[in-house]
Amino acid sequence: MSADFGLIGLAVMGQNLILNAADHGFTVCAYNRTQSKVDHFLANEAKGKSIIGATSIEDFISKLKRPRKVMLLVKAGAPVDALINQIVPLLEKGDIIIDGGNSHFPDSNRRYEELKKKGILFVGSGVSGGEEGARYGPSLMPGGSEEAWPHIKNIFQSISAKSDGEPCCEWVGPAGAGHYVKMVHNGIEYGDMQLICEAYDIMKRLGGFTDKEISDVFAKWNNGVLDSFLVEITRDILKFDDVDGKPLVEKIMDTAGQKGTGKWTAINALDLGMPVTLIGEAVFARCLSALKNERIRASKVLPGPEVPKDAVKDREQFVDDLEQALYASKIISYAQGFMLIREAAATYGWKLNNPAIALMWRGGCIIRSVFLGQITKAYREEPDLENLLFNKFFADAVTKAQSGWRKSIALATTYGIPTPAFSTALSFYDGYRSERLPANLLQAQRDYFGAHTFRVLPECASDNLPVDKDIHINWTGHGGNVSSSTYQA
């Protein structure tokens, strides 16, 4: 029996993706470096399905239909390169290697170029949705060698999640574009999770809500504009009790881990000069949470305001305001994410399909939500939309949410409740809508101490301050008039 495609890596994600493909009528060849894993999988979960095993890499390759389609679901980094180097000598020109792991997009760029020279087609595909998504329909974000797409399109779109009947999978773009979009997806995921945690913290510490009451609030929100996977699971987590009848969430150490994809997004935003502030703050919030011992010490020596029992006088209005704050901040997070994708496309020379990207995230993935349907609609109406905030639906939504957004942050700040993600979202919004920012003074400072020059406003131009010219002023009368390009502030 020949397989439609093969998959290497039989951890839970790999097994579930194979089972998903078999359910959709595809024959899959499974391989793992530990043979016992293959044997156990074939004898149990895969029994009776169109799944075959292989005893070696050579045996694995020999069982694939041409062009061979090899999907890797192994740990990102060196293991991917090692496996590719092992497989390539056994392949022919036109065969396809698909990396479905959480690889960093520069690695995918490199692999794309290296394999291109050897005539091998490379696809770097983001896979989102966790174990359940892999089994019943993930969000898939493939990019790389576009010649590979006709050969894998039917498989990928068949096994992917569906939203309103459309597959949550479409070709993203060349080189590492697929893994880039997955990286931004993960960064937005960081932001969404942090915003939800801040809403939980505000309700608990400021409103005195119990976990069950907060769960009820999230349940209500999940029936409205905030309907999403993360709000849904938060509802479930907060009502889950341990064996002693107490909320399990209260027993969990308040130190958050991270695998690095949020950090990658924040660093890339800095590299491209994009103010993706919310994802950055979400990453730093996790870093701060890791300083548990220092925070315990600081809590004993650094004073702050006490929260009075009557801090929240109208619970219903308080919850409504907080819902608006969460909704508006979420809009900012996605606006920033798509700003970054837009800039990446321009910088890296990629032609990316924003409506398709939004649709891919509409179902099957961790950030899936009803909200993404509006983003898909916005980009379908205007594919070159500069910013989501210029779309009438989102502009109106933020305008309507402003009052509750500002009140929630002001109240939390008054009583010392940290809101890094909420606050940076609002600061970005206020900065973005400001025709004039204080960067004029900043640029004057740079010119004063480093001769970095500045430009004048067209309406302020004169003979000594010409328009569209880099100008340096001798601010003290003691310096020179030579512009510096070596000392940067």
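Every residue, even glycine, has its Cβ placed from backbone N, Cα and C.
Swiss-Prot lists Lys182 with the feature active site, proton acceptor, giving similarity to another entry as the kind of evidence. Mapped onto three states, the DSSP output places Lys182 (active site, proton acceptor) in helix.
Feature annotation from Swiss-Prot assigns active site, proton donor to Glu189. The Cβ neighbour count for Glu189 (active site, proton donor), using a 10 Å radius over every protein chain in view, is 24. In the three-state DSSP reading, Glu189 (active site, proton donor) counts as helix.
Taken from Swiss-Prot, the feature NADP(+) binding site applies to Gly9, Leu10, Ala11, Val12, Met13, Gly14, Asn32, Arg33, Thr34, Val74, Lys75, Ala76, Asn102, supported by similarity to another entry. The C-beta environment of Met13 (NADP(+) binding site), restricted to residues of the same chain at least 6 apart in sequence and closer than 8 Å, consists of Leu73, Val127, Gly130, Glu131, Ala134. According to DSSP, Met13 (NADP(+) binding site) is assigned to a helical segment.
Positions annotated as substrate binding site by Swiss-Prot: Asn102, Ser128, Gly129, Gly130, His185, Asn186, Tyr190, Lys259, Arg286, Arg446, His452. The DSSP secondary structure for Gly129 (substrate binding site) is coil.
Annotated phosphoserine per Swiss-Prot: Ser50, in sequence order. Within the same chain, residues at least 6 positions away in sequence whose Cβ sits under 8 Å from that of Ser50 (phosphoserine) are Ala22, Gly25, Phe26, Thr27, Val28.
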Taking DSSP as the reference, which of helix, strand or coil describes Thr34 (NADP(+) binding site)?
coil
Recorded positions clustered about Asn102 (NADP(+) binding site) [Cα within 10 Å; pool: Lys182, His185, Tyr190]:
Lys182
Measuring Cα to Cα, how far is Thr34 (NADP(+) binding site) from Gly129 (substrate binding site) in Å?
26
All-chain count of other Cβ atoms within 10 Å of Tyr190 (substrate binding site):
27
Roughly how wide, in whole Å, is the group Asn102, Ser128, Gly129, Gly130, His185, Asn186, Tyr190, Lys259, Arg286, Arg446, His452 that binds substrate, by largest Cα to Cα distance?
49
Just jot down the residues in the same chain as His185 (substrate binding site), at least 6 apart in sequence, with C-beta under 8 A of its C-beta; none if empty.
Gly126, Ser128, Ser139, Met141, Trp361, Cys365, Ile366, Ile367
